[in-house]
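Visitor: Before I ask anything, let me first share the structure, which is written out below as structure tokens.
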């Protein structure tokens, strides 16, 4: 116990020699004097006002979304209009017949090469056309028929432009077969598919066909005929 007290006193004496109390106190006093004193504390309400930048700020997200939506709708509308214009242009262009199509829509036939009492079959728009150079006897026979007895009443004069030339589409009005010329019970045309008989004016006289053979549009130009 005495030894511990002795050691404590020795250490205290050594510390006093190394750090004098007066100098340490004066140092601490000097350092305390340099600490500034706060006379007041600025609160949030005393702070200077911040500048207002609201007029320079972007609009709300809702306004921006609406602008983007309007822009997208406008762009899609413009693209749709352009596509529709191109489609209409292509559609109308397809209606403009080319020179080849116009040429195929007409058929020109030299009538001087068809002997009297004979038929000629030509192709027009993918269909056969019968051209008959009728004899005077055939013309007389065609005009002697009582049209009131016909299934499809039609005078011969209503079916020809010139009595000696009969021009018809060679398609049976029953189911579309091609009749045979100079055949049948009436000296005109006979359809072998279902037995329809046509006379020398191309009028239906017997069989299932409901109508006379059709007459195409045609014109005469000198010794030629233009079909179509």
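Backbone N, Cα and C atoms are what each Cβ position is placed from, and that goes for glycine too.
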Visitor: Write down the single range among 34-63, 64-93, 94-123 that appears in Swiss-Prot as transmembrane segment.
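Guide: Per Swiss-Prot, the stretch marked transmembrane segment is 64-93.
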Visitor: List nothing but the one residue from 174, 194 whose Cβ has the fewest other Cβ atoms within 10 Å; the candidates are the binding-site residues.
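Guide: Each of the binding-site residues 174, 194 was scored; lowest Cβ tally within 10 Å is 194.
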Visitor: Note the Cβ centroid of 172, 174, 191, 194, the recorded [2Fe-2S] cluster site, then list each other residue of that chain whose Cβ lies within 8 Å of it, in sequence.
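Guide: Near the [2Fe-2S] cluster site, the remaining chain residues are 173, 175, 176, 177, 179, 193, 195, 196, 207, 208, 209.
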Visitor: In this predicted model, what is the average pLDDT of the domain 'Rieske' (139-227)?
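Guide: Overall, the domain 'Rieske' (139-227) comes to a mean pLDDT of 98.
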Visitor: Would you count the other C-beta atoms found within 10 angstroms of the C-beta of residue 191 ([2Fe-2S] cluster binding site) for me?
Guide: 26
